[in-house]
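Here the structure comes first, spelled out in structure tokens, and everything after it is commentary.
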Amino acid sequence: MSEASCLASPLLYTNSGIHSDSFYASLIDSATHKAQLKQIHARLLVLGLQFSGFLITKLIHASSSFGDITFARQVFDDLPRPQIFPWNAIIRGYSRNNHFQDALLMYSNMQLARVSPDSFTFPHLLKACSGLSHLQMGRFVHAQVFRLGFDADVFVQNGLIALYAKCRRLGSARTVFEGLPLPERTIVSWTAIVSAYAQNGEPMEALEIFSQMRKMDVKPDWVALVSVLNAFTCLQDLKQGRSIHASVVKMGLEIEPDLLISLNTMYAKCGQVATAKILFDKMKSPNLILWNAMISGYAKNGYAREAIDMFHEMINKDVRPDTISITSAISACAQVGSLEQARSMYEYVGRSDYRDDVFISSALIDMFAKCGSVEGARLVFDRTLDRDVVVWSAMIVGYGLHGRAREAISLYRAMERGGVHPNDVTFLGLLMACNHSGMVREGWWFFNRMADHKINPQQQHYACVIDLLGRAGHLDQAYEVIKCMPVQPGVTVWGALLSACKKHRHVELGEYAAQQLFSIDPSNTGHYVQLSNLYAAARLWDRVAEVRVRMKEKGLNKDVGCSWVEVRGRLEAFRVGDKSHPRYEEIERQVEWIESRLKEGGFVANKDASLHDLNDEEAEETLCSHSERIAIAYGLISTPQGTPLRITKNLRACVNCHAATKLISKLVDREIVVRDTNRFHHFKDGVCSCGDYW
């Protein structure tokens, strides 16, 4: 005999065999398994009590609670003429178990049976409408609520607020809320309207209503706190988020899973990943949402290695990743720049259920491109059968990063022939490709083509065009474009103009661009470095000195040049002048060998760039101590002859290192791929893919 039978039998079968309805109602309430409910139902059939509306309603409620909606419907269908209570129970059961369409269908059947709804019917109906985001049906139900006089019922009103929030009708949700008299606004009402604004991208409105709620001395529950935390997360307001965290602790709600997820996400998005990790570690069995919040938090805050480690830990703990987990891990791989790591991630996706996911395919294309392998990106692209605009754009951007404009334009033409309409990212990739290839006419054509597709250029598009025109020497035209921008030019736009002014030694316009940058972002060291570069290019050494003094007065320090080289899947970091590596002496000897071979090959360094340019990579007294050169030396002594070297830099490639790396690639017969802050450079046989245009 089963455990359920053992539990039920003594209660079901007594000496008399007959009990009152209240006895069986109590028995239904105390059931701990759906098998017990079926035994109770069998006993009711024997006793002829299967038509008791009271007991059948109880059975429907209990079966729904156990998730057995099929049995609940079977019990309901046995009633010849069910009254309102069983109807409400089955509608509630369907709604509670997310069978929203069935809930609405049952309501339709109820109307056909000429059974009038009551105030308990509508909250479950409205939940079904919300679950389906069915605004039209929701409005129909709202009209019935009003016609039948249930519009003052607070539970019905709360359901209406939730419905309109789900359907993004915030005005209607607010109208319903405002229609509730102040004394009747429960915590559920306040939470519903706060959540409505928070979930629909209106954090300021959500916080304003939350403030009103606190002034009314309404104590928030964990649901309200989750919504408020989400609002502060949108605003990246760490101070207020911490205040809510303190309230959570004070109220003893810190173990509530949804609150932990919201707190974790808030800290991660505000850059406090260490605090987020502490909260994560408090969970005994973190669910998928928490893992995703942690992995994406690491990835979005530049902790790429930690994100990848978390992803592997998640898999090792048998937590099955979803698209969010995988795309976050792919993004982290793209940041690290390790091609071996990228290949490993690609192989993992190939073994998973997400190998045909278009969103993940586009992320893989981006990853391979950012890890220096356009061929890998193209392989993923060619294997993706269902190519939407995101996939096409990812490949075009990949070509753009590597300055392969002809391929980018050819792909765009194929995309048009395939009937896929471009988006803003498509044009950004095309502009990037034209910019890195010096194709001014084509780039200008694509920029103007955006209007034909009703796409408004964003700051990044303008920055690309300014850089394109400026590098080609069309500084006046570039400035005219800036003056005609419909929005205020940002840092990237003015930075592109200042860089172009440095290249062409246009001091007056460059100074103006620098002043705009200082007013927008006064503490950014890079702006001062750019201005100093301009003065150095124009040989205005007194002004170079003035910039250095200003930086010192503001307490600004230059970014330290750093390069990473991938050796056997591991990235080794080297900073300018760093002597801490355990193989330092070997590296130094290799650097000296490189320098001697460069001299034999006729390489002459640009001394002015080294001594007067404030860029760290160009400001070192000893030219051969540039971090890129050290990374190349380490790569040469650590990999077999002929192995390509992959270098990542945190600064733009300097003139000296660029010229030297071209010659080194020929001297050692290696391909050297360098990713700087601007683009990719593929050095081979003494030539760079950028054509010395960067």
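Cβ atoms are placed via backbone N, Cα and C, with glycine included.
As written in Swiss-Prot, here are the features:
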REPEAT    52-82  repeat 'PPR 1'
REPEAT    83-117  repeat 'PPR 2'
REPEAT    118-152  repeat 'PPR 3'
REPEAT    153-183  repeat 'PPR 4'
REPEAT    186-220  repeat 'PPR 5'
REPEAT    221-255  repeat 'PPR 6'
REPEAT    256-286  repeat 'PPR 7'
REPEAT    322-356  repeat 'PPR 9'
REPEAT    357-387  repeat 'PPR 10'
REPEAT    388-422  repeat 'PPR 11'
REPEAT    423-457  repeat 'PPR 12'
REPEAT    458-488  repeat 'PPR 13'
REGION    493-568  region 'Type E motif'
REGION    569-599  region 'Type E(+) motif'
REGION    600-694  region 'Type DYW motif'
If you average pLDDT over the repeat 'PPR 13' (458-488), what do you get?
96
Cβ under 8 Å, sequence separation of at least 6 from the ends of the repeat 'PPR 3' (118-152): give me the contacting residues as numbers and ranges.
84, 87-88, 91-92, 94-96, 98, 100-101, 103-104, 107, 110, 158-160, 162-167, 169, 179
Write out how many residues of the repeat 'PPR 3' (118-152) are helix, how many strand and how many coil, based on DSSP.
25 helix, 0 strand, 10 coil
